[in-house]
Amino acid sequence: MHIQHAISCRFPKLPSKPPLHAPTLFPFPPSPLISLFTLHNHHPTSHTHISSIINSRRTHYWVVHKAMPCSSSLTSCCASGDSSSNTNTENHDNNTNGATPRNLKLTQSTFLSSLMPKTEIGVDRFLHAYPSYDGRGALIAIFDSGVDPAAAGLQVTSDGKPKILDVLDCTGSGDVDTSKVVKADADGCISGASGTSLVINDSWKNPSGQWHVGYKFVYELFTERLTSRLKKERRKKWDKKNQEEIANAVKQLDDFDQQHVKIEDAELTKAREDLQNRLDLLRKQSEVAAKHSYDDKGPVIDVVVWHDGEVWRVALDIQNIEDDPECGKLANFVPLTNYRIDRKYGVFSKLDACTFVVNVYNDGKVVSIVTDSSPHGTHVAGIAAAFHPEEPLLNGVAPGAQLISCKIGDSRLGSMETGTGLTRALIAAVEHKCDLINMSYGEPTLLPDYGRFVDLVNEAVNKHRLIFVSSAGNSGPALNTVGAPGGTSSSIIGVGAYVSPAMAAGAHSVVESPSEGIEYTWSSRGPTTDGDLGVCISAPGAAVAPVPMWTLQRRMLMNGTSMASPSACGGIALLISAMKAEGINVSPYSVRKALENTSVPIGNSPEDKLSTGQGLMQVDKCYEYIKQCHNIPCVWYQVNIKQSGKTNPSSRGIYLREASAFQQSTEWTVEVDPKFHEDANKIEELAVFEEHIELHSTDSSVVKAPDYLLLTHNGRTFNVIVDPTNLADGLHYYEVYGIDCKAPWRGPLFRIPVTITKPVAVTNRPPQVSFSKMLFQSGHVERKYIEVPHGASWVEGTMNTSSFDTTRRFFVDAVQICPLHRPLTWRSVMTFSSPAAKSFAFKVVGGQTLELVIAQFWSSGIGSQETTSVDLKVMFHGVKVNQEEIVLDGSEAPVRINAEALLASERLAPLAILNKIRIPYRPTDAKISALTTDRDKLPSGKQILALTLTYKIKLEDGAEVTPQIPVLNDRIYDTKFESQFYMISDSNKRVYSSGDAYPNSKKLPKGEYNLRLYVRHENLQILEKMKQLVLFIERNLEDKDVIRLPFFSQPDGPLIGNGSFKSSTLVPGMKEGFYLGPPPLDKIPKNAPQGSVLVGAISYGKLSFAGLGEQKNPEKLPVSHRVSYIVPPNKIEEEKGKSSSLASKKTVSERLEEEVRDAKMKVLGGLKQENDEELLEWKKLSDSLKSEYPKYTPLLAKILEGLVSRSNIKDKLQHHEEVIDAANAVIDSIETEELAKFLALKHDQDDDEAEKKKKETELTRDQLAEALYQKGLSLAELESLKEVDKTDERSKDDSTTRPNLFEENFNELKKWVDLKSKKYGILLVTNEKRKQRLGTALKVLTDIIQDDTEPAKKKFYELKLSLIEEMGWSHVATYERQWMLVRFPPSLPLF
C-alpha cells in the first residue's frame, strides 16, 4: 500500500475501471489478423504466436512444448479488424496510459502513429525533449529469425550511420561445406561441387590459385512461404514446356499412324509402342504435377570461395535460378565478403527477391549464406530501430540505434531456435560489445531460472553489462504461463503485451476502440512456479513494421509479446543513447530498476501485476529517474526465499497455491544479497556499500515483515510471516518491498512477490461446482480456483452462454502446478454465434489446485453494448488404480489392476492398445572434436566441443519413425546441455530427416540408415560419458497392426482363454480387480527384436459424452496412461530335417577337398583391387584357382563378380573383354539343357535331398543368368566405346566379329529370367536404347525404379537422365539433375 501510494503520487495512474484483460491463450484470433501466440513451442518469441496454429508460425503458445516466435498475429497492414491484435493509443496526456473515449476518431497522423505505437510508452515526450537521444550510440543484438538488410527503414540510422553492422546465421542452417579445393584449368574453368563446369572471372585476384567449392539447394535457404510461391511459379513454366512436348509427342504419333495405316510388322508395332510410351510418360508427368506430388527440390547454387590476399571472397553461380540462361553465371557475380567487413548483400533473383549475405569461417572451409527463416526477425528489428526519413511517424522506437542480426531460428526446423544458435548469438553479442539484446522467442520450462543458456545470459549481463530484453509469452490469460527465458529468468527483462485504444482503432481497425488500454488476452501471466513475478513490464504488443523483400510488401501487422519486447528494447535504447551522451554509467541493474519504478500501472488491482508486471514502461519518466540515480552504485538485489523448517529449494517469491497452505500461517526466511558487476571496485563500491532499508508490506494483515533492515555488501536475511487463513477464495497478490530510508524517492529497491490462490473446496457429492451468471464484456477475465478432490482424474464441464447479440469468442484455460513437472495446461477456444451450451473435458490431478479461466477475447464483442452471461458447471470424475503406468515384462503372466471410484459411481470400461514400437540402439562410432574459434569460443575463453555419435538403423519395411533421446529431448532452456542435432541419411548420403530437442517423425522407405547425433558442450568429461548414449527409434504401427490388449477377470485368462473382462460400474468404497493380458505372440510385429518395447496407452474411465473415436482409442480420452510390453526372445526354431544323406556319403578326403576349395574362394572374395599391386595379386590367385577348378561354376561366378566390382578401371575396352570372357566361362561350365529339364520338374517339398538339389540348381540358374546379364552389359558398353573411338584396332575388329552377339545373348537371357525385373531390367532398357526405342526404354526403367524398395541406385538414375537428355526433354532433364544431387550428394551436410 505504501509503495503504491508513493508511486501514484509521483506518476499518473490509469483510469479507475475494472481491468478488462484476461490471461488466456488462444490459437485462433477472432479476426482475419492471425495472432502469433506461442503454445509451448520454440520459435521467434515462442511466446508470440497464438494463432500459430493457423499460421504455422512459432509463437509463445505454451501448450505445445516447443518454442517459437512470440508474435501473435501476422497480416498485411491493410487487413481489417484482428480481434487478437494489440492496439496502441496515441494519447498525449501524461496522466493516462493510452486511455481514450469510446468514440475515439483517428486523424491520418494519429492513424499512422497507431501503426507503430510509441506515445503509449512516452517516446514522443522523450524525443521532444531530447531529439538527438534517439538511440544513437546504442547497439542492439536481435536474436530472432534473421533480419533482411534490404527491408524498408533498415539501411541507415537517423544520423546517417549504417543501420545493421553484422548479419549472422548462428544456427548453421545456411552453412555450405567448401572444404573441397580445386584449381582452374588452362581455360580458366573449374569443376563446381555440383558437377557443373564454372568459368572464373579473370579479374578476380587469387594469389594461391586455390578455389574452395561447395553447393547448396536454394530452397534450403528460403522460408516455406517463399518456397511455395517459387514452386508455383516454376511449375507454371514447367507445365508449359511439358505441354509443348506433349503436343510434339501427339504429332509424332499421329504422323506415324498416317504413314502406317495397317501395322503387321513386329518392329513397327514396337516403334508405335515406343511413341505411345513417350506420350504416356509426359502425360504422367502432368498428372503428377496436378496432384501436387511434383516434388521440386529447387535450383542448386554453386559456391566458390577464395582468398584475395586480404580477405576471403565468395561468388555464387545462380544461373539455375534465373530465367535467362545468360544471367546468374559465376563470372558475372560481384564477389562478397563477410558482411561485417563491407556490409554488402545480394539478391538471388528478381523472382524470389530474397536478400542474402555471406560469412566465411574456418579458413575458407565453411561459407554461411545468411537468409531469414521468417519475416518475424525483420519485423522485430523494425519495431526497435527502423528509420523512415520520409515517414517519421512509422519510425521504430529508436531510429538512431544500430543493430546486429543474430539468426537463432533454424531454417531446417521451420524457424525453431536451437541451443547452438542461442550460444553463438550470445558469443556474437559480447564480441560486438552490444548494449542490448532483444529476443522474441521462448517456450515453457520445467525449472525457472535454470539451464545452460540462462548461465550464459547471467554472465553476459553481470560481467559484460548487456541488457537482455525478451518476450514473456503468448500463453495467457491463465497464471503461470510465462515462458523461458523471458518470463522465468532473473537476468532478463520479460515484457508483456499491451493494447491501447488507438492501437485497436488504427492497427487492428476495430469498429469501436476499448475505453482504456489493457493487456492482450493472450499475453502470458506470472507468477513463475517459484513465485517470481514473471512479467517485468509491459509495452505495446502490435505494430505495422518492415518485413523482408521476399514477402513482396513493405510492412505487415503482427501482434504478440514478440512485438512488445522490441518496443521495450527500443525504449531502453533511447535511455542508453541519453546515458552515453550524458556520461552516465550504463548498467542493466540500474536500467531495470528505473523501468520498474517508473512504469504506469495497468489496471487498478494488485493482482494485475501478475499480468502486466510493474506496468506500462515510460521512457521519459525512466530517464529522469536514471539521471537522479546516476551517482548511486549499480546493484542488483538478489532475493532467495526459503520456507522455515522446510528443505525445499529456494525460490524468488512466495507462492501459496495448494489447499494445505491455507490452514495456518507460514514463516519464510528471505535473503537479500546485493550483487555488483564483476568489474566493481572492491574498496570504493563493495566495502563501503551500506543501505538503511525500510521494509513495507502492501497488506500487513496478511503479510508481515520487519520494519527496517541494515543491508551491506554481504547481504542480510529477515523473516516474513504470511497468514492466509482469513482470505476469501480466489486470487490475492501482495508485495514486501524495501525503500532506501535516505532516498525514498528511489522507490522499491527490491520486491518480494507474494501470490496466493485460495481454492474453493468441493464437498458435495457427486463432486461438482457451478458458477452462475458470470457477466463478460470485451477483455474480461474470470478466474476460478478449485481444490481438485482426491481421486479425481478428469473434469467434464459445460459452458452455457446467453444474453448477447454479436458473435463472442472465449478462451477457456485450465492450469495445475505439479512438482517437478511443467504446468499441466489445457485450453480451448470457444466461439458462440448465438446462445448455446458447449461441453469439454480435460485431465486433472487430484489434490492439486486447479485454476479455471474464462476470458472473453479482448476484441470480441467490441461495438456491442450487450454483456454475455455465462453459466459454468464442472463435474469431477475419477477412476483410481493401483498402478497407472503398466509394464508387461514379456512373459505370459497378466498384470493385476485394482480399480476404485472415490468420488461417485463411475463406469469402468478399460481400453488398452499398443500402437508404437521403440527399438534401442547403441552408437557404432563416437568422435569428439574441438570446434573452431571463429564462432564457437565462449566469452570466458572456453572452447566448445562436439560429440558426434553414429547409429546404424535398419528398417525391414517402410515406416514413419521418430528418434527419441530421453536424456536430451523436449528441453532447450531448462537443460545444462548446450544443444543437440541429428540427421538421418541412407547409404547414398541422402538426408531424409533432421531435428533437435523436439524430434520430427518422418516416413522412411525400407533400407539401412545412419543416424548421426551431434551434441555440444564445453566439458570433455561429460561428453566422454555420453559416448554410449542409448537412442530409441520409435515408429508407429499401421492401423491394421495396432494391438488391442485383452482384459480378464481371472489370472489364468491369457492361457486358458476364458473370463474376459469388458466393463462394470464402480461404486465408492468398493474395489474391483481385473487383469491386463499380454499381446498374442502372433500379433507382435515380425521385425521386433528382443529388447524392443511396444508402447501404447491404457484408460479406465468413460466420458459421458464420448464419441466413437474415444470408445476405441484410449489416447483420445482426457486421461490415459502409458502401457508398454518388452519383446521377449524369439522362439527357437526346430532344426528342419536332418543332415543330408549326400554329405554322409562323401569321404573325409572329399569333404576336406571341398573345404579347402571353399576356403580359397573365400580368400579370393576378400581380396581388394584398389591398386595395381592388389590387382596383380587377385589375378594370380584367380588364374591359379581357375586352372585348379576349371569347371566349378561357383568359382567362375566369384571371378566374374570380382571383375564386375572393380572401380579403378583404366582400359575400359580391355576390362569389358575380360568380363565377357569370365561370363563365357561361367556359361560354358553349365549344362543348360540338364538345368532346364530339372527346373521344369516338380519336387516333393518333404524330400530333404530333393529340396537341397533344387536349391543348388536354382543357384546355378541364378549364376547363369548373372553371367548372361553381365555379358550383355559389357557387349553394349563395347558397342558404345566403339562408336566413341573408331580408331582403336580392337574396335574395328568388334564391328566385324560381333554383329549379333548382344542380340543372341539377350535372347538367351530371356529364356531364364523375367527381363522386366529390377535385377535384370537394365539389360532390357539397354536393348530398347540400342534400337532407339527410347520411350519404351524409359518406361521400363521407370517401372524398375518405382518397384525397387532398396536405396536408390545411382546407375539407374544416371541411365534415366541420359535417356531423357537423348529424347530432348530439357525441362525433365533439369528436374532429374536436381534430384541426382538430392539422392546422391557427394558428402553429408554440416551440422
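Any Cβ shown, glycine's included, is placed from N, Cα and C.
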Annotated coiled coil segment (source TrEMBL; candidates 773-827, 1158-1212, 1213-1267): 1213-1267
Separation of alpha carbons, H376 (active site, charge relay system) and S562 (active site, charge relay system) (Å): 8
Sequence-remote partners of the coiled coil (265-292) [C-beta within less than 8 Å, at least six residues beyond its ends]: 235, 238-239, 242-243, 245-246, 249-250, 252-253, 256-257, 1328, 1331, 1333-1336, 1338-1339, 1342, 1367, 1369, 1372
Neighbour count (Cβ, 10 Å) for S562 (active site, charge relay system): 48
Whole-number Å value for how far H376 (active site, charge relay system) lies from D144 (active site, charge relay system) (Cα to Cα): 7
Helix-strand-coil residue split for the domain 'Tripeptidyl-peptidase II first Ig-like' (649-756), DSSP-based: 13 helix, 56 strand, 39 coil
Other C-beta atoms that fall within 10 angstroms of the C-beta of H376 (active site, charge relay system): 38
Mean of the pLDDT scores, which run from 0 to 100, over the domain 'Tripeptidyl-peptidase II galactose-binding' (776-860): 95
CB contacts for D144 (active site, charge relay system) [other CB atoms within 10 A, all chains]: 35
Residues in the domain 'Tripeptidyl-peptidase II galactose-binding' (776-860) grouped by DSSP into helix, strand and remaining coil: 0 helix, 50 strand, 35 coil
